[in-house]
Amino acid sequence: MSIKFMDKVVLREEKGGAAEVYTHGGHVTSWKTSLGKELIFLSKKAIFEPPKAIRGGVPICFPQFGMMGPMPTQHGFARNVNFVLKRLDGVAPTACNTTSMVLRYDGKGHETFPYPFELRSTVTLGDSTLTQELSVTNTGTQPFQFTCALHTYFRISAIDQVKIKGLSKCRYLDNLQEMRELTDDQTELLFQRETDRVYLAAPDSIEIHDSGSGRVFEITKTGFPDAVVWNPWVDKAAKMADFGDEEYKEMLCIEPAVAGSGAVSLEAGMTWRGSQVIRHYQASGA
């Protein structure tokens, strides 16, 4: 893992849990329980050298998700630039558990996205929860459209030990079949191959059940209509320079998103908001 000097904030909650957020990309890179157990996946080959995006954690994809927008770059540019720290406070003098970071863009520097905006990310660490809130304000004079996602990498015991609940009977776009629209007919989503799907109008509550660790992640989203499910599997993992060949076994992405259901149209002076709350707990009997 290559790391140059980069500013970061360490959040702590009263029971001992901790999280790390870098100003580069406003990027959450770690979330640990009070016992020191890591809940967020970060590649051992992640490159901490701006403007390179950090592989793992919670990249903020904005002002477009994937190639769903006018920009030629995957996932826009917010994850590649520095945010400004605007807030750091907490529930106790020795436990700062909330931070806000802001990206202000003047509409210059990206020909295919000439629209000024303010993007604010607020991360709050709680007892067994991690909350991330995004707000986008159109600070220009013209309306614009955007797609976005919180590209959350979860650390898991093993990819063949996890299943997702909450997406049965949902429509999705399969990125491995040229975005063909299909319906998920599985009661629970299991993983046996590369998976890259955009679930349309997805339920606001989705769960990851990890039988290897006995842990459950409950993801509750607000403002994001869609949910992306991604695991690169063997071949794609081997093609990524900042991702270990075997690391696909240790991670799974579930991403609240504005994607396949259509872009957000934001008028001048208006603000859009979206959030996710992740809660972890041990399954009964685990």
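Backbone N, Cα and C atoms are what each Cβ position is placed from, and that goes for glycine too.
Per TrEMBL, active site is recorded for H151, E255. Look at TrEMBL and you will find R55, Q74, R79 tagged as substrate binding site.
Within 10 Å of the C-beta of R55 (substrate binding site) we count 24 further C-beta atoms, all protein chains included. Counting only same-chain residues six or more apart in sequence, the Cβ atoms lying under 8 angstroms from the Cβ of E255 (active site) belong to C61, A149, L150, H151, T152, A227, V228, V229, W230. Other residues of the same chain near the substrate site, with their Cβ within 8 Å of the Cβ centroid of R55, Q74, R79, are A53, I54, P59, C61, H75, N80, H151. Look at E255 (active site): DSSP puts it in a strand.
Within its own chain, Q74 (substrate binding site) has G66, M67 as residues 6 or more apart in sequence whose C-beta sits under 8 angstroms from its own. In this structure, R79 (substrate binding site) is part of a helix by DSSP. Around the Cβ of R79 (substrate binding site), 22 further Cβ atoms fall within 10 Å across all displayed protein chains.
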